[in-house]
Structure formats: structure tokens, C-alpha cells
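Just below is one structure, and these are the notes that go with it.
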Amino acid sequence: MPEPVAEPALNGLRLNLRIVSIVMFNFASYLTIGLPLAVLPGYVHDVMGFSAFWAGLVISLQYFATLLSRPHAGRYADSLGPKKIVVFGLCGCFLSGLGYLTAGLTASLPVISLLLLCLGRVILGIGQSFAGTGSTLWGVGVVGSLHIGRVISWNGIVTYGAMAMGAPLGVVFYHWGGLQALALIIMGVALVAILLAIPRPTVKASKGKPLPFRAVLGRVWLYGMALALASAGFGVIATFITLFYDAKGWDGAAFALTLFSCAFVGTRLLFPNGINRIGGLNVAMICFSVEIIGLLLVGVATMPWMAKIGVLLAGAGFSLVFPALGVVAVKAVPQQNQGAALATYTVFMDLSLGVTGPLAGLVMSWAGVPVIYLAAAGLVAIALLLTWRLKKRPPEHVPEAASSS
């Protein structure tokens, strides 16, 4: 974790602009993720002629690389400072575009081209974990740890915005100039972000002996488990709401996803100070309650409007879960370990989203589509009980190094 600046007397627009000036680098990294997302599966399957397995693997490699590299990103951010980690991550995004470019240029050699695509995806996954973790910690170092919840919230907003913007733009660029043109756009986005990041003032890395990974994990795993359980609701909506609407014979699945995204982003914008005012655990419990109601409404929906209200509530409920629990998790460790704590905490969400799809698919094939939303509501209820227990337990002693944050 970077050494914090003196807690700045910032509020409102000025504070948000300071935060956005840093998290825009995470926006750039996620834009390089979103741009090829809707293009690569079809390119691998239809143009290169590989099976659906390989098309899926090309996409999944990025997520596996992100998952495996995220703890290292946190540790390096603690020891080297977050700015260096962000620049490193953006360089990975640039190299991923270079991988796509060379894959397009070697299209006459399908196996070589596929290997270059896979290499680009792995590098992108590593770059995303470094840029995402680093930008959060850099933002906290700039505006002060009092505003850590707001920094995490803004990081989520720019992530959603970049993914939503990137996918359709990527299709446009691909139809305009093929994979090579798309690759050049990705490289250009990353290069501009790197050039903007390099002149920015550096936030000093923390000085102090870091805790072993096992000790960090021991302090944050309960918060991570609550996050993982709550993420199941997001996972089943994002993955299976289209199948749910098809099974019911309804139209409007895409609009339901739009409602979820609007509720997610809108809640973060409407309640930027909620975590500071009533505490992270209290916010998390309120969010879990709203998410449970939403998932139950989807599961028992007999008309489209019920499902849409349920999806809206689920999006609003899930919106502040990550920052609310994240604020408490990172403050459970000394300052010099808070980067590692944030990265370790985030891994639980990565794992949850990775296993929710296959497990929900098995349940769905056995008991029907609506059941997965009822099951997800049950998991979020467990997260609510776990958070209630965390609130009731005596506060743990955190070493003095963490007291300033």
C-alpha cells in the first residue's frame, strides 16, 4: 500500500475529479479487454477454423492469468509503489495488442497464429491485474485512505463503462479493418494511457516488513468469502438471464441486463459516502438484503415485470458489496500490506465468477432455470449471516503501521 497523503479536505466534484484522474488508467486497461471480447471467439472459430473449445480457451486464458497474477500485483504495489505497477500493467495491455497484430499477420499459419493469440491473452490478464490493483492503490494514495470506498466504487464504474463501450466498438473496428486494425487501436489506447501515466507524481511505497501471504489471507478470507457468496447472484444474472427469459418465452433479456448495469452504476453514484457514514459492514448487510429480495423476485417471477424489478434490485444490492467489504478487509492489515490484502480479497470474486457458471449450469439442467436464482439468493443469505457475525465479533488488533489508514 502506498504511504497516504495527509487526509485531504476534499469533497464533491473536486474529490471525484482527483479519483477519476487516476482510475482512468484502469478504464484504459479494461477498454483493451472489452475491444476484442466480442470479436475473438468468432475469429478463432469461424475465420481460423478451430473448434468452440479453442475459441472459449482464448477468452478464458485472460481470466486465469488475472486470477493467478493478482496476489503478485498487490505485493509489488506495496513494495514498488502503485504508479510503477499501473505502468507495467498498461505495458502488458500494449503487448497483448501486439500479440493480436502478429496473430493477424501470421493468419496463413493457423497454429502459430493461435499460439500468438493465446500469448496475447495471457499477457493481457497479467496486465489487467496489475493495472486494476495499482490504480485503486494509487487513487487511495492521492486522495487519502478516508476515501478508499469511493476510489473502489469509481474503479468499478469505469470498469463497467469500459467493457460496455469496448465490445461494440471492437466489432466496428474489426469490420472496418480486420484483426490488425483492432490490434492497432488496442495498442494505441494502451500507449496513450502509458504516456499520460508516466508524468504523474509518484506515490511513495510503504516502508515496513510485509506480512507473509498466509497471514494476509487469514485476515481477509472471511470478507472474501462473503464477497464470493454475494457474487453468485451477479454471476447467474450475467450468465443465464437470457436462458431464463427464453425458458419463460419472454422477450427483453437484453433490457434486463441493461437494468442491472444501470442499477449497479446508479447506486454507486447516488451513495458515494454511504460507507464512510454508516460503516462498510452495515452497508454490506443492507446490500445483501436488497440483493436477496431481487434474486427471489427473479426466481418466482411469473410475469416479465417481476423479473425486471428483481434484476434491478439485484444490481442495486450487489453494487456496493465489493467496496463495502473491501474497505474493512484492507484495514484489517498493516498499511504496508494493504495492496496484498486488496488483491487477495479480489481473488475471491474472481474465483466465484469462475465457478458460478458451471455449477449453476449443472443445477439448471437438473432442476430448471428459475431454481438457480433461488439458490443464489440462499448463498447471499449466508453472506448476510456471515457479515452479521463479523460485525458482532470483537475488533482485532491491527499493528500501528495500519492506524493511519
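Here the Cβ of each residue, glycine as well, is placed from N, Cα and C on the backbone.
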Same membrane side for Tyr43 and Ala307 per Swiss-Prot: yes
Helix, strand and coil residues within the topological domain 'Cytoplasmic' (128-155) as assigned by DSSP: 27 helix, 0 strand, 1 coil
Recorded stretch that, among 47-67, 85-105, 107-127, 156-176, 344-364, has the most CB pairs under 8 Å to the transmembrane segment (252-272): 156-176
Top partner of the transmembrane segment (85-105) among 19-39, 47-67, 156-176, 344-364 - counted as Cβ pairs under 8 Å: 19-39
Stretch among 19-39, 47-67, 156-176, 309-329, 344-364 sharing the most Cβ pairs under 8 Å with the transmembrane segment (224-244): 344-364
